[in-house]
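Here's the structure we're looking at; comments come further down.
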Amino acid sequence: MGSPTHFGLFLISDAEREVHMEELKSQEASKSKPPSKPKSNFTTFSHGTPDLSKIHKVGMLATVCRTQGYFVLGGGPIIEITGVSNDHDNNNSNLVEITESKNDTSDSTTTTTTTPSTSITPITTPVVPQIPTSKYLKVSIEPHEYSELGDSLTVRALRLQLVKCIYSAINRYQDSSFAQHLKQICMLPIFKMDDSSLLNSIGPLCISSPSEYQKLLECKSLEEKLNMVLSMLVKKCEVFDFNFSIEKQLEEKTMAQQKKYFLTEQMKLIRKELGIDLDEKETIKNKFNSRWKEIAVMDKQILQVFKEEMDKLSSCESNSSEYNTSRNYLDWMTLLPWNVYTNDNFDISKVKEILDRDHYGLKDIKEMIQTFIAVGKLRGSIGGKVILLVGPPGTGKTSVGKSIANALGRQFHRISVGGLSDVSEIKGHRRTYVASMPGKIIQALKTVKTSNPVILIDEIDKISRSSQGDPNSALLEVLDPQQNKNFVDYYLDVPYDLSRVLFICTANDADSIPAPLLDRMEVMTLNGYIQSEQMEIAKRYLLPLVRKETGISEEQLQFTPEAIKKLCELYCREAGVRNLKKFIDKIFRKMAYKLSMGMEQSVIITPDNLEQYVGPIKYPSSRLFQKQKPGIVMGLGGSLIHIESALDRFTNGPTVTTTGSLGLVMRESIDISYSYVKDFLLKVDASNDYFLKNSIHIHAPDGSTQKDISSAGITIVSSLLSLATGKLVKPDLAMVGEVSLTGKVIGVSGIVEKIVLAKRESIKTIIIPKENKKQLEEIPDFIKEGIEIYLVDYYSDVYSIAFTNDSTIKPLIFNDNKENQNENENQSEVKSTIIQ
């Protein structure tokens, strides 16, 4: 066929385009390597003879022109396919050949239809593609003429405006390919003489989608087409302007940064030459040296490490990672208070005054602090010590630590270790890691700027183990007086003296602390508060504190003693007073709302209107069973424990069923008690074979609470005996103690807390093991007042006390003592705490 001079360009339909794009995606996905040859502007189809239904009928007859040694495909007239021609009509000049792909020859690649991308641009190529002779489809075409003439005034004005925009774009965007294409089109002869060719050449450069281009091709109004091309050209120019503005801003910003950098470097060099200023490295070195001289460390090992790090800092480049590591290390080294100590307060009377002002009671803790200061006064300096405060939540353990620091005149720092599982939090991270830093102990010393502070390690019983190590083992070095004089943090890697630090640890349960760690502490117990103590705490501390926080005066809101008693008795039975403060806060908040709304001017809280402010009663009764029944006995643990035994009528044989969220220890205690009670019942009544014939169900109410104690042995035996004999245990009687298979009553731990619990629950008679007699001396007299305490050695003693009236054991009765009572009033023997 030779080299063609015209090409008929038709867009494929939208549906065909989607199918074709899916094929291209699948081909690209199947290729393992990118194509070695660049993609051409023609797309090859292998679908056989084209189907006219898959292409648009209106297209363009492009003209191949030669300019400046290149072949350029320029826009030509718009044509429309009218139908398929017969094979014999070969001489018709209005026929266009649509070729078919033929794969039977090795050098033939047939192009049937051109698929434009988002914009159709003039194609510049040194060689015009040759279309091989093959099977083809002839179609009839005719010009797609405009419906109106192009000589109107509007058309002329639009044509002039379009030409002005073209030349403006060429001048403004000279370096862009868009301007180069416009420039090549302007050089063609058709640019100056044919409006249609001009529009058909400019339009493809400005389109944004194939549908927009097809709409441009099918337009029959010259005026409308001029408007479309002109608007597309203006939009194209706006996009270029926006891109150029962004590029200009980036260029200006980059130039400004470079200029600032060069000027800064020049200024540094000039100041250095004039001796006005030193460089950054010299400034930092001078700062570290001046700090180190003020510290005056005498340890040779520490001095050697400091010198080596300073030499390393001098040899490193300022932008290297080693430089930053050395600088951070030296910063920590020079900020620690190596030889800084605060002066301790040796005035014992003043210390006692501060402790009594902040806390009432706590006799053992106050005596320990006073003796601690007395020893330091004789020595001339107060050394370190490790104290463990054990008690229920809300009893003021943290506030005690703050009061001790205030009394001694030392700095105070609190470290919370609850849930801690990484040893590095205690001993620091090694410097090989990124963003490494010292542990919490060294950080605390840097914060307080002294080497003898009071450090409170809070919730030490809640430390956990993990794959990162055991923090409890790391604390051994911190808290051991023989080791903490040379405590080595992994980050510092030099010894630091912690021997003069007063460590105060807090815990709710000392049993969960490892024995080696517990052995290094002096354990002080803070028991729970009874009702009278809670009332005093509310009057003396909580009410004034909440008044200050809310701004409500005493004239606006008052409390009667009966209301405070009801609040403590029916709403706040916890061992601490934190929950009591929450209820008082709630009352004051509701009162503040009423004052702000003008609903009330002043209110007096009484037992009658208390529920309006705090809601329904939380604890309607302190006892689960108001009426005593056989098989029910009351025991003491962390709270009141009722052991309930009943006959299981629907189970055959002598069996025992247990319920109530019982732990392994308590289940073993039930087994021991059941084995013993069968033998003991035969001794009491040989004819009673109750346990040999019947099945028993033992239950501990409040099943949502886990129970795992060994101190309920005598309680379980008494419950089973009460069921078997039908006898009732004396009212207001609670018992605690572990029983053996021979009936021996074994001592238990936490007897002080259990007596306090009994006092809080208004229990009048208590049975405890004889082995726990010494622990009674630790309980203040005002707590033991009004309670009968029986000391028993064997269960036979328990039986005679609980079920008969012929017991030979006399109770320990703590009656009112005027002398002690006056002393208590003078010394205010009521434990209290500041809620913070």
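Placed from the backbone N, Cα and C atoms, the Cβ positions cover glycine too.
Per Swiss-Prot, active site is recorded for S711, K754, and the stated evidence type is sequence analysis. Annotation source Swiss-Prot lists ATP binding site at G391, P392, P393, G394, T395, G396, K397, T398, citing sequence analysis. Residues or ranges marked as compositional bias 'Low complexity' by Swiss-Prot: 106-122. The domain 'Lon N-terminal' feature in Swiss-Prot is assigned to 1-237. According to Swiss-Prot, the domain 'Lon proteolytic' annotation covers 627-805. Taken from Swiss-Prot, the feature region 'Disordered' covers 24-48, 99-122.
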(request) Select the most exposed residue of G391, P392, G396, where exposure means the fewest other Cβ atoms within 10 Å, treating these as the binding-site residues. (result) P392
(message) Could you check which of the recorded positions G394, T395, K397, T398, S711 is the closest Cα neighbour of K754 (active site)?
(response) S711
(request) Please report how many Å separate the Cα atom of T398 (ATP binding site) from that of S711 (active site), as a whole number. (result) 30
(request) Mind checking which of P393, G394 has the fewest other CB atoms within 10 A of its CB? They're the binding-site residues. (result) P393
(message) Considering Cα atoms only, can you say which of P392, G396, K397 is the nearest neighbour of S711 (active site) among these binding-site residues?
(response) P392
(request) State the count of C-beta atoms found within 10 angstroms of the C-beta of K397 (ATP binding site), not counting that atom itself. (result) 25
(request) Look at each of the recorded positions, T395, T398, S711, K754, and point out the one with the fewest other Cβ atoms around it within 10 Å. (result) T398
(message) Through the lens of DSSP with three states only, how would you label G394 (ATP binding site)?
(response) coil
